[in-house]
Structure formats: C-alpha cells, structure tokens
Amino acid sequence: MKFSLFFSVFFLAVLHACLSESEIDLEDEEHFMSSDSFLSEIQDESRGKTCIERNKECTNDRHGCCRGKIFKDKCTCVKNGKTEKCVCTQKKWAKIIESYIGDIPALPKPVDDKCVPKHADCSKRKDDCCKGGIFKYQCKCYDMYDDDGEKTDLCGCVSPVEHQAIEGALRIAKKLIGDRWGR
C-alpha cells in the first residue's frame with residue numbers, strides 16, 4: 001500500500017508540474033534563452049558542432065550522436081579483442097515509442113478562436129476540437145448508410161478510450177488520496 005501510495009503521489013506531482021506551466025512561464029524561458037547567459041553560450045557552442053548520424057561510427061565522440069524524432073541516439077560499443085568499435089544506435093524502447101507517437105505536430109489554431117465542443121459535428125473542422133479534462137478531444141468519423149444505401153460520414157468530437165482511462169485513473173487516485181488524508 002505504501003509503495004502504490006508513494007508512486008501515485010509522485011505521478012500526480014509530475015503531472016501537476018507538467019500541466020501548471022503557463023504562457024507567462026514560456027515567455028520567461030524565451031527571454032532567458034535570448035539573454036546573454038552562460039547557458040545560451042553553451043547552447044550556441046553545441047549547435048555549431050555536427051552530430052553523428054544513426055548507424056555511423058562514434059568511437060572518438062561517444063556523446064555526439066544525433067537526435068531521433070524525440071529521443072537522442074546512444075553510442076553502443078562492442079569489444080573485439082583489443083579494439084573497440086562504437087556505433088550510434090537507437091534504443092529499442094525509443095524506437096517503439098517514436099513509432100507509436102509519430103511526429104509531434106503543432107496544434108492548429110481554431111477557426112475564429114472557437115473550438116468544436118464535445119459531440120458536435122466536426123466534419124468540416126477535424127482539427128479544431130475543444131480541450132476536455134486533461135486532453136484535447138479528437139474528431140472521430142463513422143460511415144453511415146441511409147435507406148437508399150448512400151454513404152455519409154457522421155463526425156463528432158469525442159474523447160479516445162485511452163484518454164478516458166487515464167482521466168478515470170487520476171480521478172480515482174485523487175479520491176483515494178483525498179479519502180486517506182481526510183479531505
């Protein structure tokens with residue numbers, strides 16, 4: 001019980017830290033990155049250095065592998081007698097996650113700053129669904145056939161099953177933690 005309680009509190013703390021960042025925080029970070037600081041000088045220096053592509057030799061520069069879509073590739077070394085050969089590779093778990101997530105596109109701006117509410121027709125604006133709870137709703141379309149056999153699309157903004165499961169688990173964890181501490 002202590003183990004699960006510890007990890008649920010830790011998960012909620014990390015989730016709160018991720019979700020609590022506002023636009024003001026982002027503006028402060030942009031200002032800090034543009035200022036003449038030690039960190040920005042280091043980043044400028046590291047940008048000038050070329051990275052080693054995947055499946056290329058990295059024996060002389062083990063920390064110089066390029067990034068994938070999300071994660072940085074790792075320099076994997078193999079000893080053959082007295083010689084050691086190193087190659088930039090992508091870890092198996094990183095490959096699985098990147099293939100599942102795919103490219104991370106920027107969220108499109110809604111038309112007229114109004115989003116499509118939950119269960120409303122989104123056939124003309126598939127990328128403009130509103131945000132509900134933690135996640136943004138997604139436009140889901142179904143093929144409908146009328147009495148004449150003509151096919152039409154029925155589209156609506158809905159919450160995917162995996163998002164519903166995560167939000168439900170967080171609600172239960174909140175309730176358990178609140179009941180445990182008398183809140």
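Cβ atoms are placed via backbone N, Cα and C, with glycine included.
Per Swiss-Prot, signal peptide is recorded for 1-20. Here Swiss-Prot flags C51-C66, C58-C75, C65-C88, C77-C86, C115-C130, C122-C139, C129-C157, C141-C155 as disulfide bond. What Swiss-Prot records for 51-77 is repeat 'Domain 1', and it gives a curator's inference as the kind of evidence. If you look up Swiss-Prot, you'll see 51-141 marked as region '2 X approximate repeats with cysteine pattern C-C-CC-C-C', on the strength of a curator's inference. Taken from Swiss-Prot, the feature repeat 'Domain 2' applies to 115-141. Among the features that Swiss-Prot reports, region 'Predicted alpha-helix' is placed at 164-177. Residues annotated as tryptophan amide in Swiss-Prot, with experimental evidence given as evidence: W181.
Location within the structure of each feature annotated in Swiss-Prot.
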residue: C51; record: disulfide bond; Cβ within 10 Å: 17
residue: C58; record: disulfide bond; Cβ within 10 Å: 22
residue: C66; record: disulfide bond; Cβ within 10 Å: 14
residue: C77; record: disulfide bond; Cβ within 10 Å: 12
residue: C115; record: disulfide bond; Cβ within 10 Å: 20
residue: C122; record: disulfide bond; Cβ within 10 Å: 24
residue: C130; record: disulfide bond; Cβ within 10 Å: 15
residue: C139; record: disulfide bond; Cβ within 10 Å: 19
residue: C155; record: disulfide bond; Cβ within 10 Å: 17
residue: C157; record: disulfide bond; Cβ within 10 Å: 23
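Proximity of C141 (disulfide bond) to non-local residues of its own chain (separation of 6 or more, Cβ distance below 8 Å) is seen for S123, K126, D153, L154, C155, given in sequence order. Remark: C65 (disulfide bond) has C51, I52, R54, C58, K72, D73, K74, C75, C88 as non-local neighbours, by Cβ distance under 8 Å and separation of at least 6 in sequence. For the pair C86 (disulfide bond) and C66 (disulfide bond), the C-alpha distance works out to 14 angstrom.
Annotation note: C129 (disulfide bond) sits in a strand segment as assigned by DSSP. Secondary structure at C122 (disulfide bond), taken from DSSP and collapsed to helix, strand or coil, is coil.
Remark: secondary structure over the repeat 'Domain 1' (51-77) totals 0 helix, 9 strand, 18 coil, with classes taken from DSSP. Rounded to a whole value, the Cα-Cα separation of C77 (disulfide bond) and C66 (disulfide bond) is 16 Å. Shown in sequence order, C115, V116, K118, C122, K136, Y137, Q138, C139, C157 are the residues of the chain, 6+ apart in sequence, with a C-beta less than 8 angstroms from the C-beta of C129 (disulfide bond). Of the recorded residues, C130 (disulfide bond) and C66 (disulfide bond) place their C-alpha atoms 36 Å from one another. Neighbour density at the Cβ, taken as the number of other Cβ atoms within 10 Å, is lowest among the disulfide-bonded residues C75, C88 for C75.
Secondary structure from DSSP puts C157 (disulfide bond) in a beta strand.
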